[in-house]
Amino acid sequence: LESESMALARRLGTASATPPHEVAAPATPTPQSNPLPKVDMDLRHLIQSLSVAEQHTECVICFDNMYERPCATLIHRGKNACSHFLHVECAEGLLAANRRQCPHCRTAFDGVRRVPICTDDPEGWFFCVDVEGDGRLSRQQVLDVLVSQFPLDWKKLEEALPSLWARWDQDGSGFINRAEFCEPTHGLLSFVRSHLLHQPPTEPPPGASVEEWFYHFDDNRSGAISRSQLLRALVKSSGALDVLTVEETLNPLGLLPPEDPEGAAQERISFGMFQSIDAILSEVLTFHAFASSRGAASASDAPIDGRTTVAVAA
């Protein structure tokens, strides 16, 4: 076991983002992109600049900033009448006064639907923004709803939207469909939750991949996690392990960073190293399970009181 484990551990020293499950390297190595989104400083600065707003979107009825109060969309016969947003009370006031035309575009409407926060009701939010009802969102639709619900400078967001759109529109269609909207790492819903509402990401579902658990614990999107986050990610992604088993397996191989005293800078684990550690842990545990099963089989055939146990068929 010692030589087998150390051979596995040595592979960690040369590990990159390429998972160590591969049996043979290709003749001409090609770089493999990291599947996890690394929120670089440019994106952080961009998000900060959008919030330092000089040109908020106003409600055309009361002229207050749209983001300051809940907004609504106008509906006609159960469908979206147009793409414009008003404050809920302003839209309801129009309806009560029988002034049933959108003040922006004069489209007729017969009802008002409150637009939920997308993290509270993703499907309801998507419906309100999807004016055509074709299951996809355009750039203009996303721009309109974001500046209506959040304190963002609409002009700056309009200028920044092409770079943000490339993150959300993964198939390059020019639109965001429901799957892309809900995609847990690159999706618009995740972006709103993390960067506009500043909510922690929800825990991945049972059976989620190690990549999803790494991203979940990489809460500051630095592309690296701490020792405690590493242990949690490994335990959570397995479902059959506990922290003690992981520590007892990895510590002798030197694969766990030291437990630094409180306040000291902790060694961080990159995604590539995390993949390698996860693969080594799996292989070592598989080896242990195989050795245990062989040992149990040998014990069943061992002599008892000088006699050999023989299985007798019924």
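One is the number of the first residue shown, and numbering goes on along the chain from there.
Just so it is clear, glycine is given a Cβ too, placed from its N, Cα and C backbone atoms.
A TrEMBL annotation is a machine prediction, not a hand-curated record.
Looking up the ranges 1-38, 153-190 in TrEMBL, the one annotated as region 'Disordered' turns out to be 1-38. Residues in the domain 'EF-hand' (156-191) partition by DSSP class (helix H, G, I; strand E, B; coil) as 22 helix, 2 strand, 12 coil.
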